[in-house]
Amino acid sequence: MRNLSGGHVEEFVLVGFPTTPPFQLLLFVLFFAIYLLTLLENALIVFTIWLTPSLHRPMYFFLGHLSFLELWYINVTIPQLLAAFLTQDSRVSYVGCMTQLYFFIALACTECVLLAVMAYDRYLAICGPLHYPSLMPSSLATRLAAASWGSGFFSSMMKLLFISQLSYCGPNVINHFFCDISPLLNLTCSDKEQAELVDFLLALVMILLPLLAVVSSYAAIIAAILRIPTSRGRRKAFSTCATHLAVVVIYYSSTLFTYARPRAMYTFNHNKIISVLYTVIVPSLNPAIYCLRNKEVKEAFRKAVMGRCHYPKDVLD
């Protein structure tokens, strides 16, 4: 019987990380601990921002969206990674694979756009501090966040529209720990040129255009900081965007290396290792970077944990 994909493949086998059983168990324990820590970190940031009136500003509004996105993101990819450590191969249905691919692409694209929006927000705050409240009102911040989510999910829908039209006749073994675009395209037995073209064009729009916005924003920010006469003023201005810049560098460097490295360096084993970087390590580092570098977040987090976030003092802080 033919399945939804138009071919004979009804399920895919994810190879994961084949190694010795003791080492697989060690990796499972390690990544399960990272998974729980990342869940806790991002959930605490979301609730701390939500419960603290002094953090109800665009900068922290976007940070809350980023942490919520990371919560969703790791629940799409890490459970499949943990399953790969428990078994030599795990199986996923065609519909399950396409669903996982849809949310993975949607969240990755949303994060690219959201990071660009956050860079623009920092540009307005540093280059026009006196006019910042009027330039970035809460209504505009809400629209920018909604546009980030909408563009990411729309881009994913367009990609999946073309990928789901391909036929998969076998083999059905994916040398990866989750359903990603490249391994799926390599398994198809039909013409994949159109799907590859759509994937490439949308990657240009959803990765390079936000990256261009980030670079432009930080070029203007650096120019503005260098014009500040005192070193103390320069340090204070840079500290307001240093955390976001660190997150941008980590995320985009891993993402661009995945999609733009030379063909000679490309192997599926390398691809799996790099995928672990931006699906596991980056989401776990983001909350730590923001909390360690931002005094307001650390203070609000301390008060939230101690149950003092609703005190009137918080409104005055």
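Cβ atoms are placed via backbone N, Cα and C, with glycine included.
Here TrEMBL flags 41-290 as domain 'G-protein coupled receptors family 1 profile'. Taken from TrEMBL, the feature transmembrane segment applies to 25-52, 59-81, 101-120, 140-162, 200-225, 237-253, 273-292.
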Which of 25-52, 59-81, 140-162, 200-225, 237-253 shares the most C-beta pairs under 8 angstroms with the transmembrane segment (101-120)?
140-162
Close approaches to the transmembrane segment (25-52) from elsewhere in its chain (Cβ under 8 angstroms; 6 or more beyond its ends):
17, 19, 60-61, 63-64, 67-68, 70-71, 74, 78, 81-82, 85-86, 280-281, 283-284, 286-288, 290-291, 297, 300-301, 303-305, 309-310, 314
Folded-back contacts onto the transmembrane segment (200-225), same chain, C-beta under 8 angstroms, at least six residues removed:
109, 112-113, 115-116, 119-120, 122-123, 126-127, 151-152, 155, 158-159, 234, 237-238, 241, 245, 248, 252, 255-256, 259
For the transmembrane segment (59-81), could you work out the same-chain residues 6 or more beyond its ends whose Cβ comes under 8 Å from its Cβ atoms?
14, 16, 31, 34-35, 38-39, 41-43, 45-46, 49-50, 90, 92, 100, 103-104, 107-108, 110-111, 114-115, 117-118, 121-122, 125, 138, 141-142, 144-145, 148-149, 177-178, 247, 275-276, 279-280, 283, 286-287, 290, 296-297
